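**Student:** Please find one structure pasted underneath; my questions will follow.
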Amino acid sequence: MAAVSLRLGDLVWGKLGRYPPWPGKIVNPPKDLKKPRGKKCFFVKFFGTEDHAWIKVEQLKPYHAHKEEMIKINKGKRFQQAVDAVEEFLRRAKGKDQTSSHTSADDKNRRNSSEERSRPNSGDEKRKLSLSEGKVKKNMGEGKKRVTSGSADRGSKCLKRAQEQSPRKRGRPPKDEKDLTIPESSTVKGMMAGPMAAFKWQPTATEPVKDADPHFHHFLLSQTEKPAVCYQAITKKLKICEEETGSTSIQAADSTAVNGSITPTDKKIGFLGLGLMGSGIVSNLLKMGHTVTVWNRTAEKEGARLGRTPAEVVSTCDITFACVSDPKAAKDLVLGPSGVLQGIRPGKCYVDMSTVDADTVTELAQVIVSRGGRFLEAPVSGNQQLSNDGMLVILAAGDRGLYEDCSSCFQAMGKTSFFLGEVGNAAKMMLIVNMVQGSFMATIAEGLTLAQVTGQSQQTLLDILNQGQLASIFLDQKCQNILQGNFKPDFYLKYIQKDLRLAIALGDAVNHPTPMAAAANEVYKRAKALDQSDNDMSAVYRAYIH
């Protein structure tokens, strides 16, 4: 893009990296965010995403002059929402100007007409006016006394009764009032709040819950679709209590039982995502004495109202971990509205524990580091039971210093951890591990069905395998699932199929054949077609018997 003459407050199209040009506004940067050295650049707040970044002047174009051109190039839904947000911003700004001008004109007219009406025409009218004014003043004085006296009595009684009945914290609206409020669009609301609105990262002051665990700072969790499943592990070790505001708080029920070999870090820990793995991880972090703040995306997906966002968790914590299902969820968590990137400031740390491809994790690392943050990828090998038991295997790559800072956290959640070098290495290794595991599971299911159709005992086959070189906890558990017909998820089938797909793509990228993984992937795809996605990976067995 060609260089243009721009100034503070201008609406622009800004291009950041490989992303398409996006509408934004030039604003003042926060005080703690230094301007990068080198070429001239402006600090731009983007519409629709509520994101912001330093953009070189040659990557900027005036909004109005290039609006039609940009709209023709970009057709995405989020892009259209961003353009709508700009237009809404302009309409409101224009309406505000018109309202102020009309108001001043109307006030002037009202004053003039009032002066004309109040001007008496004769001495008699003056006397009549004086007498009537005296009566009015007298009546008003008596009425005022009565009203003031009655209002004061009623007011003091109401105030006293309200103070006795209401346990709410001062300054917070009650839950019922919150529910009745129609929320304004977050995008437009953020834009109309002023240039610095997105940069206020101050945490909301909250009073500590009575008898709360001192290691637990505050909990940002709303209800989910399946609380009994999602939080089964965490609620065994934690007690849930409702705060007066209606938000849910968690404190460790056995926080005193801290492992003597683990000295918890004094850093504030954030955790985003409480799925099968996340619940157990958070439970163990709390048990070992860490200060934890959590947020779960499921409630937001269902349309529930969350008091806080991933951005605020990141801004109030020193190290924030995230564990979500797939590359799209990982990107949305970081780059979406009120996402992780909004809370990143110099020195803030982000650890992504999701199993994703190397390209995705590299992209996330770049945007986090570009904001002055520190990044570590740390996908975990294991299942729900191992997560609950604190026996996961952690594969880390990226910032070595951050890896060391996470030492006590990794000890709490896993039995061992590996540092694999630069960002992307852990993602590749994790996909290879899960490729082997997924292919092995498909082979187990194939063997059991072959035993059945040839008249052999499946239980005897399992006994033989358990006495041989293939004996393992994984083999025994998955075979027991199949024999008992119990496919309660310990590792979702849809996720192992996703990992197989990503592993095959990894092989394709380096021209390496993966025929075994490809064959296993087809079996899992058939199982998904049979509605087994949300069952355990061992439900792949059903793909062979249908």
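Glycine too: its Cβ is placed from the backbone N, Cα and C atoms.
Pasting the relevant annotations from Swiss-Prot:
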BINDING   270-284, THR355, LYS498  NAD(+) binding site
COMPBIAS  91-145  compositional bias 'Basic and acidic residues'
COMPBIAS  161-181  compositional bias 'Basic and acidic residues'
CROSSLNK  LYS135  SUMO2 cross-link
CROSSLNK  LYS175  SUMO2 cross-link
CROSSLNK  LYS178  SUMO2 cross-link
CROSSLNK  LYS200  SUMO2 cross-link
CROSSLNK  LYS210  SUMO2 cross-link
CROSSLNK  LYS226  SUMO2 cross-link
CROSSLNK  LYS236  SUMO2 cross-link
CROSSLNK  LYS239  SUMO2 cross-link
CROSSLNK  LYS268  SUMO2 cross-link
CROSSLNK  LYS301  SUMO2 cross-link
MOD_RES   SER130  phosphoserine
MOD_RES   SER166  phosphoserine
MOD_RES   SER533  phosphoserine
REGION    91-187  region 'Disordered'
REGION    213-216  region 'Interaction with histone H3'
REGION    215-224  region 'Interaction with KDM1B'
REGION    260-546  region 'Dehydrogenase domain'
**Student:** Return the count of C-beta atoms lying within 10 angstroms of the C-beta of GLY273 (NAD(+) binding site), excluding that atom itself.
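**Tutor:** Around the Cβ of GLY273 (NAD(+) binding site), 25 other Cβ atoms lie within 10 Å.
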**Student:** So how many other Cβ atoms are close to GLY270 (NAD(+) binding site), meaning within 10 Å of its Cβ?
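**Tutor:** Looking across every protein chain shown, the total is 30.
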**Student:** Specify the nearest of the binding-site residues LEU276, SER279, VAL282, THR355 to LYS268 (SUMO2 cross-link), where nearness means the distance between Cα atoms.
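**Tutor:** Comparing Cα positions, the candidate nearest LYS268 (SUMO2 cross-link) turns out to be VAL282.
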**Student:** Compute the C-alpha separation of SER279 (NAD(+) binding site) from SER533 (phosphoserine), stating it in Å without decimals.
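**Tutor:** Cα-Cα distance, SER279 (NAD(+) binding site) to SER533 (phosphoserine): 20 Å.
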**Student:** Around the Cβ of LEU276 (NAD(+) binding site), how many other Cβ atoms lie within 10 Å? Please give the count over every shown protein chain.
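**Tutor:** There are 22 of them.
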**Student:** Per DSSP, SER533 (phosphoserine) is which: helix, strand or coil?
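**Tutor:** In the DSSP reduction, SER533 (phosphoserine) maps to coil.
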**Student:** For GLY273 (NAD(+) binding site) and SER533 (phosphoserine), determine the Cα separation and express it in whole Å.
**Tutor:** 20
**Student:** Using DSSP and three states only, what is LEU276 (NAD(+) binding site)?
**Tutor:** helix
**Student:** Hey, how far is LEU276 (NAD(+) binding site) from SER533 (phosphoserine), Cα to Cα, in Å?
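**Tutor:** It is 14 Å, counting Cα to Cα.
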**Student:** The region 'Dehydrogenase domain' (260-546): mean pLDDT?
**Tutor:** 92
